[in-house]
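*Asks:* Quick one: the structure is below, questions incoming.
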Amino acid sequence: MACPWKFLFRAKFHQYGMKEEKDINNNVEKPPGATPSPSTQDDLKNHKHHNDSPQPLTETVQKLPESLDKLHATPLSRPQHVRIKNWGNGMTFQDTLHHKAKGDLACKSKSCLGAIMNPKSLTREPRDKPTPPDELLPQAIEFVNQYYSSFKEAKIEEHLARVEAVTKEIETTGTYQLTGDELIFATKQAWRNAPRCIGRIQWSNLQVFDARSCSTAKEMFEHICRHLRYASNNGNIRSAITVFPQRTDGKHDFRVWNAQLIRYAGYQMPDGTILGDPASVEFTQLCIDLGWKPKYGRFDVVPLVLQADGQDPEFFEIPPDLVLEVPMEHPKYEWFRELELKWYALPAVANMLLEVGGLEFPGCPFNGWYMGTEIGVRDFCDVQRYNILEEVGRRMGLETHKLASLWKDRAVIEINVAVLHSFQKQNVTIMDHHSAAESFMKYMQSEYRSRGGCPADWIWLVPPISGSITPVFHQEMLNYVLSPFYYYQVEAWKTHVWQDEKRRPQRRKIQLKVLVKAVLFASMLMRKTMASRVRVTILFATETGKSETLARDLGALFSCAFHPKVLCMDEYKLSHLEEEQLLLVVTSTFGNGDSPGNGEKLKKSLFMLKELTNKFRYAVFGLGSSMYPQFCAFAHDIDHKLSHLGASQLTPGGEGDELNGKEEAFRCWAVQTFKAACDTSDVRGKHCIQIPRLYTSNVTWDPHHYRLLQDSQPLDLNKALSKMHAKNVFTLRLKSQRNLQSPISNRTTLQVELSCEDSQELSYLPGEHLGVFPGNQLALVQGILERVVYSPAPLQPVHLETLSERGSYWVRNNRLPPCSLSQALTYFLDITTPPTHLLLRKLAQLAHQYAERHRLEILCHPSEYNKWKLTNSPTFLEVLEEFPSLRVSAGFLLSQLPILKPRYYSISSSRDCTPMEVHLTVAVLVYPTRDGQGPLHHGVCSTWLSNLKPQDPVPCFVRSAGNFKLPEDPSRPCILIGPGTGIAPFRSFWQQRLHDIKHKGLRGSRMTLVFGCRRPDEDHLYREEMLEMAQSGVLHEVHTAYSRLPGQPKVYVQDILRQQLASQVLRMLHEEQGHLYVCGDVRMARDVAHTLKHLVAAKLSLSEEQVEDYFFQLKSQKRYHEDIFGAVFPYEVKKDGAAKQPSDPRVPAAHGRS
């Protein structure tokens, strides 16, 4: 029998000299011979291992053999180390683990091959005979030593017995078999040792499927199906590996021929183009040669090609239910869906070889989960892959013909945003590259502490975008191969010995693509001066993305003199307040004075905080609409709380009103805050700092910087609106409309029926919104056209150009599409909203009479402006009439007037009930000005809709309503609360429920409707339909609150809840896990919420804080739904900018502004 002891007791790492020095890996001084204490991890099948690499057997067994005792003795010398440094933070590590590396890498003395994709040193060639026993034995014993050294408690007898058993097995059979636990240990260690993997922090969580007993390709397929089902896990991806039988003589291999278990086909078309994934062209043709029938689509999943026991391969179609795919969409660009992109959720590498203890497993498919850039950069943007970069750039309106415009960078970022958004929307596991890089740095530090090294390939670990703004970029790394290890293999079809020559694929000449031969390292090292600057944290919370945009603009401003960091509130740790120097907050207010969704967590933690020891400086800017009574409420709450905690306010809080020039207000506040910060921080050279042009742009109008040129391009309204607003705009046509109010009412509420016969691909869910792009009134447009000077013909298409910053050339302005001035004023420009301060200041330049110019300048002051705006609420035409000496050019209008925004309406129909129609419920808005003495003003969209004739086009798009949708479980009870046009989405709810009952056999749970209006004979919208739904059992209860019944007290929806439904509401919410929906005016929603909280607090004996937490949980569980809108009538806005309570605060408002 061969002697194993010379391999077991080899202690080659004792050969180096030792000197006393600081242990940099653990950052503490240690006495000579001290070893790091091991970390523990979960045990593998009832026995625990160290996180450490193999250590000597511990001294827990008495009377060890002398030679074995030497193995455990404290080493008299410390291994030589390689020092590696992180150039970002200065931290250094000492790598000693590389002394256990196996073999040499690809580098030569005069040339580095580190950028070679598949170097020979990382590739295992096929064998035609078994590994000789004298080569296998030392590797086997070394692995057994490694395995038993990983236990927390030594198992000396078991260890020695296993060594003898392996030795005897090799001597008898020429090979040996791993135990199940050894296989699990080996696969995890191989992942831990993989230098090109950035996600190794999860190495200990790998699920191992032992498939070494299978013998046929069909059995292999069944194992892989099990693997796919487990790993996909409905989107909650789990890392897993399936290990097929080990290699014997190289002639009976079990292999998966696919590069990945799931991959899309690539078809070489007759004209030389490629349809699908170009990376799969060769393999796809192989599948076709084996008998697979191609589908010739862009995203066809290729079959699995499996080889068992060295036999010719067989192919198997993967069942569609095992292929989880994610359709791509963008959170802002609706047109991104038109690209019709998708990607599979599971990245499962299938063609690598596992080497462990001299054994080779050529079939071992494994998976983790995606890092976003793998799809968004490599799969979608690489020129040799789907290569969508230029198309996306063009759709974004970027200058794709100029490299210096950085269009590629901007486009690739948005593609990656789309990938992350799409995966997250579908609840599929994915990690962004910044988080992945951060997690690797934590893993690397842990590895150096636990085992003195971490093999890492810098070229592979630095993400393909973001470069030096990821921490791995600045980290020196040492690359080497340990055992166990995952090796590359030569493609199976290139080396397979065919038994049936008729099945051998014909050899084809493969066209070689142009390969990228070098990796360009861009970006400078981080400037050392940043470390000496004052740190500034900028937090934002947002629902629409506007606060984030402004926060990042603020970061750009403060980066001129400070060290800013911009974070979303849900990414911020409250404990960091104790370390802040300067904190800036930019946030919107959502709903009824609440925080945006991504600010809820911080709000709750901050408001529970009692005190701060760090008295930092802060400033807050709030965004909102003064049409809401809780204008900028969340920003004010944060301001007051920080002040209460003892923080020092740097500048007064700022407010940005969506109805009154929020961008100008933000710029003024930002510059004021920046100057104050420079003063308090004593910034050197603060008077010479050049701040971004955004904050220094001239507020004056210079007509020489703009010009109009004739254009021959006809206007495509849908395409133009799609590009301007980043929406997928389509055309519906008016079918009919009827007034839902009775003849005795002096108000109008329309049921608008739109035909979607020309847009049959239209899809929406009950509760979602229809965004409508209206046209301005013809009288307003004509009145402005009559007062314009220096104008082309009203119907002549033109486009706008602006002078470059240096004044040397003209640049096409893409703010508006090529169109006539008449078209611009009708469809693209807002001519009804009162002009902002900034626009009035520019108009003052154009007044030819001194008195008018002086009056306009006075109106730029906030107090005068607010009084004038609230009294007159002037349209742009009325401004021209009030100041007749104004000489306004077409260039001024096209460049300075604000963009006309879409109006949103809840869809009042079910797609299943009316597949060819979309219904809206629209209150036609008419209101007086100048305290009733001025002209009547009309809502833009509601008036436009009311004037349409049958078959007139309506440009629109569908907007998701978030969580405002029917429960996924139809057995959950619902209470629907919607006065006035707040009934709109609930009509779609009851139509959908009626359809499900009739056609799907579903019996939904109790649905209770609480409606409110003035009188039953005046404005009870959809009254007959409600009665029908009640009689058919769709609505189990209908309660109506009438607020204008003669001789009776006013009753509102909250009164119904308090007086008639208190017990039912509590039972539904607290016991039956039901859903409650509120739709309508923000003041009504506030009163309803207050009533509900009072009822719950009284019934459950909760404190004010407890009941707030109770409703916070309801919203978190997506069981309390709100779809609310602000005040509609401008005269209801107070001078201080907040919406006031009208004489009847509960009068139903129009659903959807104007």
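Glycine too: its Cβ is placed from the backbone N, Cα and C atoms.
From Swiss-Prot, here are the annotated features:
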REGION    22-58  region 'Disordered'
MOTIF     23-27  motif 'DINNN-motif'
BINDING   Cys107, Cys112  Zn(2+) binding site
BINDING   Cys197, Tyr488  heme b binding site
BINDING   Gln260, Trp369, Tyr370, Glu374  L-arginine binding site
BINDING   Arg378, Ile459, Trp460, Phe473  (6R)-L-erythro-5,6,7,8-tetrahydrobiopterin binding site
REGION    512-532  region 'Calmodulin-binding'
DOMAIN    536-674  domain 'Flavodoxin-like'
BINDING   Thr542, Glu543, Thr544, Lys546, Ser547, Ser588, Thr589, Ser625, Cys632, Glu658  FMN binding site
MOD_RES   Tyr572  phosphotyrosine
DOMAIN    727-967  domain 'FAD-binding FR-type'
BINDING   Arg747, Thr981, Arg1014, Ser1043, Arg1044, Lys1050, Tyr1052, Gln1054, Asp1087  NADP(+) binding site
BINDING   His769, Arg903, Tyr905, Ser906, Thr921, Ala923, Tyr927, Val940, Cys941, Ser942  FAD binding site
*Asks:* Looking only at Gln260, Thr544, the binding-site residues on record, which one has the least crowded Cβ, with the fewest other Cβ atoms within 10 Å?
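*Replies:* Per-residue Cβ counts within 10 Å for the binding-site residues Gln260, Thr544 bottom out at Thr544.
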*Asks:* Can you tell me how the residues of the domain 'Flavodoxin-like' (536-674) break down into helix, strand and coil by DSSP?
*Replies:* 59 helix, 35 strand, 45 coil
*Asks:* Which residue, of the recorded positions Tyr572, Tyr905, Tyr927, has its CB surrounded by the fewest other CB atoms within 10 A?
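*Replies:* Checked Tyr572, Tyr905, Tyr927; of these recorded positions, fewest Cβ neighbours within 10 Å: Tyr927.
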*Asks:* For Thr589 (FMN binding site), write down the residues of its own chain that are at least 6 apart in sequence and whose Cβ falls under 8 Å from its Cβ; none is a fine answer.
*Replies:* Ser595, Pro596, Gly622, Leu623, Gly624, Tyr628, Gln630, Phe631, Cys632, Ala633, Phe634, Ala635
*Asks:* Which whole number is the mean pLDDT over the domain 'FAD-binding FR-type' (727-967)?
*Replies:* 91
*Asks:* Using the alpha carbons only, what distance in Å do you get between Tyr488 (heme b binding site) and Arg1014 (NADP(+) binding site) once rounded?
*Replies:* 76
*Asks:* What span in Å does the NADP(+) site cover, taken as the longest CA to CA distance among Arg747, Thr981, Arg1014, Ser1043, Arg1044, Lys1050, Tyr1052, Gln1054, Asp1087?
*Replies:* 25
*Asks:* Look up Cys112 (Zn(2+) binding site) in the DSSP assignment and report helix, strand or coil.
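*Replies:* Coil, per DSSP.
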*Asks:* Would you pick out, from the binding-site residues Trp369, Tyr370, Trp460, Phe473, Tyr1052, the residue whose Cβ has the largest number of other Cβ atoms within 10 Å?
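*Replies:* The most densely surrounded of these binding-site residues is Tyr370.
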*Asks:* Could you tell me the C-alpha distance between Thr544 (FMN binding site) and His769 (FAD binding site) in angstrom, no decimals?
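*Replies:* Between the Cα atoms of Thr544 (FMN binding site) and His769 (FAD binding site), the distance comes to 15 Å.
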*Asks:* For Cys197 (heme b binding site), which of the three DSSP-derived states applies: helix, strand, or coil?
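*Replies:* Cys197 (heme b binding site) sits in coil per DSSP, no helix or strand.
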*Asks:* Hey, what's the Cβ neighbour count for Cys197 (heme b binding site) at 10 Å?
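*Replies:* If we count other Cβ atoms within 10 Å of Cys197 (heme b binding site), we arrive at 20.
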*Asks:* Taking Cα atoms as reference points, which of the recorded positions Cys197, Tyr572, Thr921 is nearest to Gln260 (L-arginine binding site)?
*Replies:* Cys197
*Asks:* Measure the Cβ-based neighbour count of Thr542 (FMN binding site), defined as the other Cβ atoms within 10 Å of its Cβ.
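*Replies:* Cβ-Cβ neighbours of Thr542 (FMN binding site) within 10 Å number 22.
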*Asks:* Sequence gap of 6 or more, Cβ distance under 8 Å: name the residues on the same chain that satisfy this around Arg1044 (NADP(+) binding site), in order along the sequence.
*Replies:* Arg1014, Arg1015, Glu1018, Lys1050
*Asks:* In angstrom units, rounded to an integer, how far apart are the Cα atoms of Cys197 (heme b binding site) and Cys112 (Zn(2+) binding site)?
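*Replies:* Cys197 (heme b binding site) and Cys112 (Zn(2+) binding site) have their Cα atoms 21 Å apart.
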*Asks:* Including all protein chains displayed, how many Cβ atoms other than that of Tyr488 (heme b binding site) lie within 10 Å of its Cβ?
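*Replies:* By my count, 16.
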*Asks:* Which of the recorded positions Arg378, Phe473, Tyr572, Thr921, Asp1087 has its Cα nearest to the Cα of Cys112 (Zn(2+) binding site)?
*Replies:* Phe473
*Asks:* Note down the number of other Cβ atoms within 10 Å of the Cβ of Cys632 (FMN binding site), including every protein chain shown.
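*Replies:* So the number of other Cβ atoms within 10 Å of Cys632 (FMN binding site) is 27.
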*Asks:* Tell me the Cβ contacts of Arg378 ((6R)-L-erythro-5,6,7,8-tetrahydrobiopterin binding site) under 8 Å, same chain only and six or more apart in sequence, or just say none.
*Replies:* Arg385, Pro464
